[in-house]
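Undergrad: Got a structure for you, written out below as structure tokens; questions coming shortly.
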Amino acid sequence: MNAKISPSILNSDIAHLADEIEAISAADRVHVDVMDGHFVPNLSWGVPIVQAVAGVTELPIDTHLMIEAPDRWAPDYVTAGSTVVTFHWEAATAPIRLARELRNMGAKAGVALRPGTPVEPILDHLEEFDLVLIMTVEPGFGGQKFLPNTLGKVRAVKNAIRERNLDVEVQVDGGVNRETIHEALAAGADNFVIGSALFSAEDPSVEVLAFREILS
Ligand SMILES: O=C(CO)[C@H](O)[C@H](O)COP(=O)(O)O
Ligand SMILES: [Fe+2]
């Protein structure tokens, strides 16, 4: 599987969002972080932003829902234009049923785990998902430090995917930069959410290419 770069626009200059997204057009996806102020202690944005992003880019939208009651809200993010909708395992009432609903709507279904959530319960259900997101920081804020003790879960998911020859992406999210990306890659990640390391660079378009080079 080719490694994918999914820039998180959380820490971009949102007053110039269309320009920021244009700058990362050589990436593979746009990662949109939805936070509700309950599941995480921060509030970001919702359906209208996903619709707006869909209106200014051809890149697939990868929506990361850090919200309570994803069973109720996640389908709206497919309708809004997301290609991938990732919800948290900890927050969902019926995660398998929700993943099936998202797929039935034509989207890819992702499941995310906080750093402290064990991976074992999802290993029996990997066929139900297109993407597993292993959080490499506590969800809620961009610009945090990468937690290397989460990489054991990346290895465990990747091993299970390989053993069963499944087509499931392993995404890491949080604190990924030019240094930490090597550890995540070695552990088996193949989809890299990169936020502040891209958007704090002098030229994010050049930085995307630098990450592409590292992953090649
Ligand atoms: O889900 C997230 C935070 O909860 C963001 O996607 C993540 O933090 C990306 O930003 P950075 O690369 O700056 O850590
Ligand atoms: Fe995210």
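Each residue, glycine too, has its Cβ placed from N, Cα and C.
Just so you know, TrEMBL annotations are computer predictions that nobody has curated.
Remember, it's a predicted structure, so these values are computed and weren't measured experimentally.
Under the heading active site, proton acceptor, TrEMBL lists Asp33. Residues annotated as active site, proton donor in TrEMBL: Asp173. The substrate binding site feature in TrEMBL is assigned to Ser8, His64, Gly140, Phe141, Gly142, Gly143, Asp173, Gly174, Gly175, Gly195, Ser196. TrEMBL lists His31, Asp33, His64, Asp173 with the feature divalent metal cation binding site.
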Undergrad: I'm trying to understand the geometry here, so how far is the Cα atom of Ser8 (substrate binding site) from the Cα atom of Asp33 (active site, proton acceptor), in Å to the nearest whole number?
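TA: Distance between the two Cα atoms comes out at 7 Å.
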Undergrad: For a quick check of understanding: given the listed substrate-binding residues Ser8, His64, Gly140, Phe141, Gly142, Gly143, Asp173, Gly174, Gly175, Gly195, Ser196, what is the maximum Cα-Cα distance in angstrom, as an integer?
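TA: So the binding residues stretch over 16 Å, Cα to Cα.
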Undergrad: Of Gly140, Gly142, Gly175, which of the binding-site residues has the most Cβ neighbours inside 10 Å?
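TA: Result for the most crowded candidate: Gly175.
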Undergrad: Which one of the binding-site residues (His31, His64) has its C-beta surrounded by the most other C-beta atoms within 10 angstroms?
TA: His64
Undergrad: Please list the binding-site residues from Gly140, Gly142, Gly175, Ser196 whose Cβ falls under 6 Å of any atom in ligand 2.
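TA: With ligand 2 as the reference and 6 Å as the Cβ limit, the list is empty: none.
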Undergrad: For divalent metal cation, what surrounds His31, Asp33, His64, Asp173 with a Cβ no more than 8 Å from their Cβ centroid?
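TA: Along the chain, the qualifying residues are Ser6, Ser8, Leu10, Val32, Asp62, Thr63, Thr86, Leu133, Val193, Gly195.
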Undergrad: Other than Ser8, His64, Gly140, Phe141, Gly142, Gly143, Asp173, Gly174, Gly175, Gly195, Ser196 themselves, what residues in this chain have Cβ atoms within 8 Å of the centroid of the substrate site's Cβ atoms?
TA: Leu10, Asn11, Asp33, Val137, Gln144, Val193
Undergrad: Hey, how far is His64 (divalent metal cation binding site) from Gly142 (substrate binding site), Cα to Cα, in Å?
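TA: Cα to Cα, His64 (divalent metal cation binding site) and Gly142 (substrate binding site) are separated by 13 Å.
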Undergrad: If you measure from the Cα of Gly140 (substrate binding site), which of the recorded positions His31, Asp33, Asp173 is the nearest?
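TA: Smallest Cα separation from Gly140 (substrate binding site) among His31, Asp33, Asp173: Asp33.
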Undergrad: Cα of the residue listed as 'active site, proton acceptor' to Cα of the residue listed as 'active site, proton donor': how many Å, rounded?
TA: 11
Undergrad: Find, among the binding-site residues listed as Ser8, Ser196, the one whose Cβ has the highest number of other Cβ atoms within 10 Å in the structure shown.
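TA: The residue with the densest Cβ neighbourhood is Ser8.
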